[in-house]
Every structure is written in structure tokens, then in C-alpha cells.
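> My questions all concern the structure below.
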Amino acid sequence: MMTVFGLGNPGAKYKGTRHNAGFETVERIAAQKDIRFRKRCFRLYRKAVFEDLVLIEPLTYMNSSGNIAPECVKEGDTVIVVVDQMDLPPGKIRIRKGGSSAGHNGLKSMIANIGSDFIRVYIGTGRPDEGVKVIDHVLTRFSDEDRKKVDEAEEKAAEAILRLYGGEKLESVEQWANS
């Protein structure tokens, strides 16, 4: 089983913001596999399933994303977490397994709840301009130019995840994606 968490913030207010690159990426996978996200009563996440690929969108807001993870992950699952990364320029992606949160609160929450032994797929969103607070930056939408780059990065990230799901080795997918 492969469980893929796309991190972001729920609601129309946050749709299209930098912090929602994780949501957007898993939504691209769902569209490719022609599956729909569903929310069951009293669950704090939306879920889409294709065979043994499970896509999860936590509805707990970014900083508490990991709170629902223990309920969604079973022993032996391959876990992938897709997040925005402002240390990468818009349009770049990076894939790696393990490591720290690098200051990302969504990853901090995931690590606190399920440990750090999972694959991270980072979607570059760029650093804030001089004088702009990080919180304000991650909750803004992209310029048209950057939006195009991020759309391409999310497509590439979705393809990378589907390659992993198809059985391609992590090292091979990392090399392809990180180039």
C-alpha cells in the first residue's frame, strides 16, 4: 500500500496559495486516475483510493497535518508527503527520503505523529520578497509566470509519485525528478 499525503489548508480562501501545492499535486494524481476525494463523517481528512494507492488531504490546516496521519497509515505502507518548499525556486521539485522538517510546520507535525521515515516530495514556491513575512508569503497566490512553473512542477511531482507507485526505484525517480 502507498499512502500519499498532500499537505495544505482547506477552504476556498486558500485555494491556489503557495501552501497548497501538496493538495494540488494529489488532486492531479486523482484526476489522472479518475478517482474522487471523499470525506467520511467525522473524519478530519479527505481520501481518494485507486487500487492500493491512497491519497489523503488533511483538513486540519497545515500546522496540524500530522494529527490524522496515525489513523491513515498502516504498518508496511510506503508513505509520501507532498509539501511546498520556499527554499526551492518556483518550478523545481526535490524528492528525498527521511531527514528533518527543515522548519516546515506541516512536516514537523507529520514527524511528531509518524516519525521521519517517509518520502518527501517538495514543490518549489520561492522565498518571500524583502520585508514580506513568511506566513504572508505562503498564503499568497503565485504570479502568472510562477503559477505556470508551479503547475509544471506539480505535474512532474505527480508523475514521480506514480512512477514510485508503479514500482520504479526511489533512487531512479529521485535522480529524474531532482535534475
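If you go along the chain as it appears here, the first residue is 1 and each next one adds 1.
Note: Cβ is positioned from N, Cα and C throughout, glycine not excepted.
Because TrEMBL annotations are produced automatically, they should be read as predictions rather than curated entries.
So TrEMBL lists the following for this protein:
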ACT_SITE  His19  active site, proton acceptor
BINDING   Tyr14, Tyr61, Asn63, Asn105  tRNA binding site
SITE      Asn9  site 'Discriminates between blocked and unblocked aminoacyl-tRNA'
SITE      Asp84  site 'Stabilizes the basic form of H active site to accept a proton'
> Rounded to the nearest Å, what's the C-alpha distance separating His19 (active site, proton acceptor) and Asp84 (site 'Stabilizes the basic form of H active site to accept a proton')? Just drop the number here, would you?
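Just about 6 Å between their Cα atoms.
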> If you draw a 10 Å sphere on the Cβ of Asn105 (tRNA binding site), how many other Cβ atoms land inside?
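Here the count is 19.
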> Taking only same-chain residues 6+ apart in sequence, whose CB is under 8 Å from that of Tyr61 (tRNA binding site), what do you get?
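Asn9, Pro10 - these are the non-local Cβ neighbours of Tyr61 (tRNA binding site), listed in sequence order.
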> Within 10 angstroms of the C-beta of Tyr14 (tRNA binding site), what count of other C-beta atoms is obtained when all protein chains are considered?
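Other Cβ atoms within 10 Å of Tyr14 (tRNA binding site): 18.
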> Enumerate the residues of the same chain, Tyr14, Tyr61, Asn63, Asn105 excluded, that satisfy the criterion Cβ within 8 A of the mean position of the Cβ atoms of the recorded tRNA site; list them in sequence order.
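Near the tRNA site, beyond Tyr14, Tyr61, Asn63, Asn105, sit Gly8, Asn9, His19, Thr60, Met62, Ser64, Ser65, Gly106.
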> May I ask for the distance between Tyr14 (tRNA binding site) and Asp84 (site 'Stabilizes the basic form of H active site to accept a proton'), taken between their Cα atoms and rounded to an integer number of Å?
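Each residue's Cα considered, Tyr14 (tRNA binding site) and Asp84 (site 'Stabilizes the basic form of H active site to accept a proton') end up 13 Å apart.
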> For the recorded positions Asn9, Asn63, which one has the sparsest Cβ surroundings, going by other Cβ atoms within 10 Å?
Asn63
> Using Cα coordinates, what distance in whole Å links Asp84 (site 'Stabilizes the basic form of H active site to accept a proton') and Asn105 (tRNA binding site)?
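Cα-Cα, rounded: 11 Å.
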